[in-house]
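As recorded in TrEMBL:
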| type | residues | note |
| --- | --- | --- |
| DOMAIN | 26-493 | domain 'Amidase' |
| ACT_SITE | Lys81 | active site, charge relay system |
| ACT_SITE | Ser171 | active site, charge relay system |
| ACT_SITE | Ser195 | active site, acyl-ester intermediate |
Amino acid sequence: MEPAILDRSIPELAALVQRGEVSAEEVARAALARIEQRDGALGAFLTVQGEQAIEAARALDARRARGEALGPLAGVPIGLKDALCTEGAPTTAGSKILTRAPAGGASKAPDPARGYRPPYDATVVARLRGAGAILPGKCNMDEFAMGSSNENSAFGPVKNPWDRTRIPGGSSGGSAVAVAAGMTPGSLGSDTGGSIRQPAGLTGVVGVKPTYGRVSRYGLIAFASSLDQIGPFAQDVKGAARLLEVISGRDPRDATSLDAPVGAYEAACGRDVAGLRIGVPEEYFAKGIDEQVEAKVREAIEGLRGLGCEVRPVHLPHTRYAVAAYYIVATAEASSNLARFDGVRFGLRVEGERGGKADLQGLYGGTRGEGFGREVKRRILLGTYVLSAGYYDAYYLRAQKVRTLIRRDFDEAFREVDLIAAPVSPTVAFRLGERVDDPLSMYLADVYTLPASMAGLPAISVPCATAPAPDGGPPLPVGLQLIAPALEEARLCRAAYAWEQISPVRGLRAPVA
Ligand code: GLN
């Protein structure tokens, strides 16, 4: 049987639309129908922009009818993490503070449809539109991208389609599930310390965190500016490569965006990998990793060896400081980035009192007290503390020095090898609610993704197996992480694609009811 239109890969789907074998409008309607049908049980979308999506699709069909060439994402529906600004459409970053209070007052449940409406598109959003993509809606996420389970969203959690009692990972959980459950063939997320790779790994899709600076952050609501990077999710490596190629490149609106030429990521898929040197850091298989996850990742690495890669051990000795250093740097930057949400310009406004008198301090306190969730408050407190006079040297400055050491570990390793292969997460998806009261165990979910973030390096998560969870239930996805030197995204795509062709879970999709 022909696969349903939305189950086609991104390059196939775009080709069908470009050739006029299917209209962009049909594809857009199919995506909207799937969201309607499947998302009630999953919670991946916060808002759906149905009318705008159909209008954009019709405009694309009209252009085709006039004989104009369509872009590389012609008619392809792409979900957007709700931290990406979309002109005129609600943008919440998963936070109550970016929504106007519903009728009944600020203490009522927040409504994402009352979210902040930016007057402009993020650069990546503009590039997607320019390439012909259709944007059906905004995806759920941990509040301000802080989290590893999507349980920190002000609008409720996202469920993992492989087992709905489990988390999909975070913070881009909605973007991952949009793809894993076949609602959109691709999506964008952002990754500060693992927020693309970890949910991709836990939901069995491909996710790429590009080199810091490869993709413009203009219009991404900031969490930790020296780490944040936007990247794609897709069901396969080629799809992710095509998306990455569209969104990459210099943007004068983001001073940290790099001027380096964009690689041929999709064309790299299919190139031989024989002779590639793959480093395996033993520090990534240390205590805390689930036995089954370790076994599956090691099998995947053996698979690469079978393709002619040379596999050898490498050492990244500062790995064990990554969690501590990250949670200092990221919280410090967050405390400063989030200072702008004070009730004056954006979203929620709660007049408060101080000493029985309504004043500006009262407004700040009222708005931030009501608008931010617990995890965000925890991080603002931590971040403000590590930046404060007298503690700055002991914490923030020290963490920056550790960051340099982590980066040097990778520099050393990449003298010997071309890529590093590792697990994405120490465990398969855990149960909803299991870690919400234990921030430290939640932070530890990121041990294997944080180091590449701290070093600014590109990394991909590609499905490599399914494995049973230690606490029972259906088999769950396991991801293989590949890390490359800066700007070597093409090498990542090349190796991940080669692995995907021999992967035991190639083409395996989450069960959808
Ligand atoms: N889970 C990590 C955190 O909570 C990383 C989040 C991210 O990459 N945005 O900070």
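Even glycines carry a Cβ here, placed using N, Cα and C.
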Task: Length of the line joining the Cα atoms of Ser171 (active site, charge relay system) and Lys81 (active site, charge relay system), in Å - done: 9
TODO: Indicate whether Ser195 (active site, acyl-ester intermediate) is helix, strand or coil by DSSP.
DONE: coil
TODO: Could you find out if DSSP has Lys81 (active site, charge relay system) as helix, strand or coil?
DONE: strand
- [ ] Select one residue from Ser171, Ser195: among these active-site residues, choose the one with the most other Cβ atoms within 10 Å of its Cβ.
- [x] Ser195
TODO: Write down the Cα-Cα distance for Lys81 (active site, charge relay system) and the residue listed as 'active site, acyl-ester intermediate', rounded and given in Å.
DONE: 11
- [ ] Scan Lys81, Ser171, Ser195 for active-site residues whose C-beta lands under 6 Å from an atom of ligand 1 and note them, or write none.
- [x] Ser171, Ser195
TODO: Tell me the Cβ neighbour count for Lys81 (active site, charge relay system), meaning other Cβ atoms within 10 Å of its Cβ, over all protein chains shown.
DONE: 33
TODO: Looking only at the domain 'Amidase' (26-493), report the model's average pLDDT.
DONE: 96
